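I have placed the structure first, in the form of structure tokens, so that the comments after it can refer back to it.
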């Protein structure tokens with residue numbers, strides 16, 4: 001974890017957060033995913049008048065990562081537009097676990113850029129994952 005530049009990862013999430021489409025909640029979220037190759041993939045939340053048909057920033061970033069040819073992540077940053085630290089929703093915690101593991105660090109950040117680093121395991125203890133499914 002010590003060789004990960006969390007300041008840069010949070011900055012990438014903050015930059016994309018400004019592009020979020022959130023006319024209903026007015027709560028903008030940005031996410032940045034670091035992959036083993038060193039690439040950073042970003043996403044912003046996209047709301048829709050037909051709740052809950054929007055997409056979270058983390059989900060959008062995962063889609064960008066998959067489209068970019070990557071399948072694993074090594075670190076995550078999530079930043080919201082409010083004063084409190086922004087944590088991924090339950091569904092996004094599960095999605096992040098799918099492409100990482102319990103030890104993957106996640107920087108959860110507030111609008112002012114202040115952040116704390118936790119792990120996916122902290123956010124989603126006793127997670128259910130692919131290893132729980134029988135071989136197909």
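Cβ from N, Cα, C; glycine included.
Features of the protein shown, as given by TrEMBL:
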- 4-131: domain 'CMP/dCMP-type deaminase' (DOMAIN)
- 45, 46, 47, 48, 49, 50, 51: substrate binding site (BINDING)
- 56, 89, 92: Zn(2+) binding site (BINDING)
- 58: active site, proton donor (ACT_SITE)
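Structure coloured by features recorded in TrEMBL.
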| residue | record | DSSP (3 states) |
| --- | --- | --- |
| 45 | substrate binding site | coil |
| 51 | substrate binding site | coil |
| 56 | Zn(2+) binding site | coil |
| 89 | Zn(2+) binding site | coil |
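All protein chains considered, the CB of residue 45 (substrate binding site) has 25 other CB atoms within 10 Å. Annotated Zn(2+) site 56, 89, 92; additional same-chain residues within 8 Å of its Cβ mean position, judged by their own Cβ, are 57, 58, 59, 88, 90, 91, 93, 95. Within 10 Å of the Cβ of residue 51 (substrate binding site) there are 9 other Cβ atoms, across all protein chains. For the recorded substrate site, residues 45, 46, 47, 48, 49, 50, 51 set the reference point as the centre of their Cβ atoms, and the other residues of that chain within 8 Å of it by Cβ are 21, 24, 52, 53, 54, 55. Summary for the binding-site residues 46, 50, 92: the Cβ-based neighbour count within 10 Å is maximal at 92. For residue 56 (Zn(2+) binding site), the number of other Cβ atoms no farther than 10 Å from its own Cβ, over all displayed protein chains, is 21.
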